[in-house]
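K.L.:
Per TrEMBL, domain 'Amino acid transporter transmembrane' is recorded for 41-440. Here TrEMBL flags 47-64, 70-94, 120-142, 154-174, 181-205, 241-260, 272-294, 314-333, 354-378, 384-408, 420-442 as transmembrane segment.
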Amino acid sequence: MLADQTVLDPEAKQVHHDKVEVDAFTALAIEEQDHDIKYRTLSWQKATLLLFGEYVCLAILALAWSWSVLGWVCGFFITFGLGIVTWYTSYVLWQFCMKHPEARDICDIAAILFPSIPRIAFELTGLMLLLNNIFLIGFHVFTGAKIFNTLSDSSICTVGFQAVTAVIGVIVSLPRTLNHVSIMSVVSAIAMGIAIILSMVYAGIEEHPFYGYGGNYPELGPVKTSIGLPGSPGFINGLNAVLNITFLWIGQILYPSFIAEMKRPQDFPKALASLTVLQLILFSVTAAVGYYYNGQYATAPIIGSLSEPWAKKSAFAFVLIPTVVIGTIYGNIAAKYLFKRILGNSRHAHSHSVVGWGTWIAIDIFIWTIAFVLGNIIPSMGDFLGIMSAAFDSFFGFIFWAVAYWHLNRNRLWANWKMTTMSIINIIIFVLGLFMLGPGLYTSVDAIVTDYSGSVKKPFSCASNAL
């Protein structure tokens, strides 16, 4: 073997580099040493901050609405239960990535998960990756206009504010590595944390909630909460509340890309454990406080329940930073997928060349333009969260990792009581994913149709979407 050769063995567990046996991930990092742009730069601490920044988002402020539909017991049980399931499926994801270090994103993993149709699985997953991320960016374009309208008392056309948000997003998306984005993620998490704290404080000190244009307190009576289901929410309303909670937890679509950019992917479980604890605390406290003080008046986001305009504006202003940064995180992953498909492993992919940067900028503009269109078509925050949970989280949060478990343990699925129990749990996870995909997608589409049959503004309208 020549001294400068690097050979990945069939099991992708060891690499022989310069006649010295090293693990596959170290070998992949060594390959980057001569590159202008190095991607494997994240420590597990930075990965934790980056992931947490992704989750500290406006959707957290929709949790109180979900709990107002589900009640205390169901709301907490579903929030906590989904957290445990997400931690477990994410751990399986990491195990799979450790066995297959050649997989750099969710598309590579899909090709390995479905070996009989690897090309079809890769392409379909790539399409879902792009759609999921662009839908999420569209959600943030929609939210950006909502923030600008609220802060400025709807001073210009809503479409104009969405365009401004998209342009800001393109500019912030220019860095090509997650290492740069992780710095912005810390700032994003701090800003969103302030918005969450202000929302809870204002909800606690205000005399009564606002709820809707002109307010209707006390039309629905004094604020009240319910231990069990508050009345009969109905199948569609109830499932959409669950889907909103699910959306907050499911982020595995990005995890393979994070793991691929870590210095030591072996440390990912540390980041995952830290992240899960932080999420459980943040989600539960925010939902509980918002539901306690707003009860049946809770809105999505909860800032909409505040009665004083100054309170809405001061809390909502801090949401602008995470709106752009989180959109940038998802935009970075989507852009990398297209970038890799266009330039492959050519020198432009990791060099400061005109072709490399020109392609990257063009992709960013394309992604944010499509997101701008979606932000104008889908009518509400809840509709965005519901359809994304059903169409994409069903695969990326549940189905894929039940299949990955089967690949990792196919020869010992029923070997003993412990393996039998875990196999049954993974079957349940798989069925849960299918349920989200079928009935979940139906309820999400039905909610959008219902919104457009009501008082929702037409697409590309100047009508204000302010809180």
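Just so you know, glycine gets a Cβ as well, placed from its N, Cα and C.
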K.L.:
Using a Cβ cut-off under 8 Å, which residues of the same chain at least 6 positions beyond either end of the transmembrane segment (241-260) come close to it?
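P.N.:
Contacts with the transmembrane segment (241-260): 39-40, 42, 47, 50-51, 54-55, 57, 59-60, 62-63, 65-66, 69-70, 75, 78-79, 82-83, 85-86, 89-90, 93-94, 97, 103-106, 108-109, 129, 132-133, 178, 233, 268, 279, 283, 300, 329-330, 333, 336, 382, 385-386, 388-390, 392-393, 396-397, 400-401, 436, 440, 443-444.
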K.L.:
In the same chain, which residue numbers or ranges, 6 or more beyond the ends of the transmembrane segment (272-294), come under 8 angstroms Cβ to Cβ?
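P.N.:
Sequence-remote neighbours of the transmembrane segment (272-294) are 48, 51-52, 55-56, 60-61, 63-64, 66-68, 72, 75-76, 79-80, 83, 86-87, 90-91, 94, 196, 199-200, 203-204, 206, 209, 223, 225, 248-249, 302, 305.
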K.L.:
Which of 47-64, 70-94, 181-205, 354-378, 420-442 has the most Cβ pairs closer than 8 Å to the transmembrane segment (154-174)?
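P.N.:
If we count Cβ pairs closer than 8 Å to the transmembrane segment (154-174), 354-378 scores highest.
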K.L.:
Relative to the transmembrane segment (314-333), which of 181-205, 354-378, 420-442 accounts for the most Cβ pairs at distances under 8 Å?
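P.N.:
Comparing 181-205, 354-378, 420-442 against the transmembrane segment (314-333), the winner is 181-205.
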K.L.:
Give residue numbers and ranges for long-range contacts of the transmembrane segment (420-442): same chain, 6 or more residues beyond its ends, CB-CB under 8 A.
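P.N.:
Residues packing against the transmembrane segment (420-442) from afar: 85, 88-89, 235, 239, 243, 246, 386-387, 389-391, 393-395, 397-399, 401-403, 405-406, 409, 413-414.
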K.L.:
At an 8 Å Cβ cut-off, counting only pairs 6 or more apart in sequence, do the transmembrane segment (47-64) and the transmembrane segment (181-205) clear the bar of 3 or more pairs?
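P.N.:
They are in contact.
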